[in-house]
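Feature annotations, courtesy of TrEMBL:
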{"type": "DOMAIN", "residues": "20-260", "note": "domain 'G-protein coupled receptors family 1 profile'"}
{"type": "TRANSMEM", "residues": "6-31", "note": "transmembrane segment"}
{"type": "TRANSMEM", "residues": "38-66", "note": "transmembrane segment"}
{"type": "TRANSMEM", "residues": "72-93", "note": "transmembrane segment"}
{"type": "TRANSMEM", "residues": "114-138", "note": "transmembrane segment"}
{"type": "TRANSMEM", "residues": "158-177", "note": "transmembrane segment"}
{"type": "TRANSMEM", "residues": "209-228", "note": "transmembrane segment"}
{"type": "TRANSMEM", "residues": "240-262", "note": "transmembrane segment"}
Amino acid sequence: ATINPWDVMLCVSGTAIACENAIVVAIICYSPGLRTPMFVLIGSLATADLLAGLGLILNFVFQYVIRSETVSLITVGFLVASFTASVSSLLAITVDRYLSLYNALTYYSERTVLCIHTMLVGTWGVSLCLGLLPVLGWNCLHDYAACSIVRPLTKSNVTLLSASFFLIFIIMLHLYIEICKIVCRHAHQIALQQHFLTASHYVATKKGVSTLAIILGTFGASWLPFAIYCVVGDPDYPSVYTYATLLPATYNSMINPIIYAYRNQEIQRSMWVLFCGCFQSKVSFRSRSPSDV
């Protein structure tokens, strides 16, 4: 069969995603200092994106090398579970950042660790269930009229996934607005204590708010077009529309390591230790709050 250039682009995107996130997973597993809840969540995000990248590669291979309905269902289910875990991990990281500011005094406690572990179990449990739905029969292999723009997923299945995304996006938007309020309130309190707001405090506050806007804007710009098209699109529409909205969604998994991992000083230092040996392995790691990332 003639190879679709869009499938090639998705495969290339998956390869880049897998390589980027494999490095993050290796760094977090290798470095004993990166065991705080914040890095556990970053590791969960990197693992989900790594699996999503591998899923895109496998989807290309099985689509042009091994043609099988069963393999197609398993691959689609794998991709659904991986991308759902990625989006859910982003929500968990947002919740963790909010808790680190809202409950700053009690953040480093066993209760926080329990909360993080609960979010991880919920994230991967729900993702696995959603990924198994097509394999367990919620598909349109034998009913083309029920197909969505992403075959073999049904319209109702895709609608459920889109609704879940919209809910997660709204929750993240609300939490980031609350985080901005807390950051601005802290800056105002510092200004009252020092009788003026220093330039460094103003710059730090502005940088923090800008960073949050970039994070949420990147997430929304990547996934919103595909989520909206899943609801309003029709399988009879040209497939180029599906590819044109799906490809930017995969870029979110490519950008996540840059935003959440490679900008972190501890991960940068661990990267040098792992690949270059420029620092001693016994170097101390300063535990940071999620709000610093």
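Cβ coordinates are placed from backbone N, Cα and C, and glycine is handled just like the others.
Bear in mind that the values here come from a model prediction, so they are computed numbers and not experimental data.
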Top Cβ-contact partner of the transmembrane segment (38-66) among 158-177, 209-228, 240-262 (pairs under 8 Å): 240-262
The transmembrane segment (6-31) and the transmembrane segment (158-177) contact flag, 3+ Cβ pairs under 8 angstroms: no
Segment-level pLDDT (mean, integer) for the domain 'G-protein coupled receptors family 1 profile' (20-260): 85
Spatial neighbours of the transmembrane segment (158-177) far in sequence, C-beta under 8 Å, 6+ residues away: 80, 84, 87-88, 90-91, 94-95, 97-98, 130, 148-150, 212, 215-216, 219-220, 223-224, 227-228, 230-231
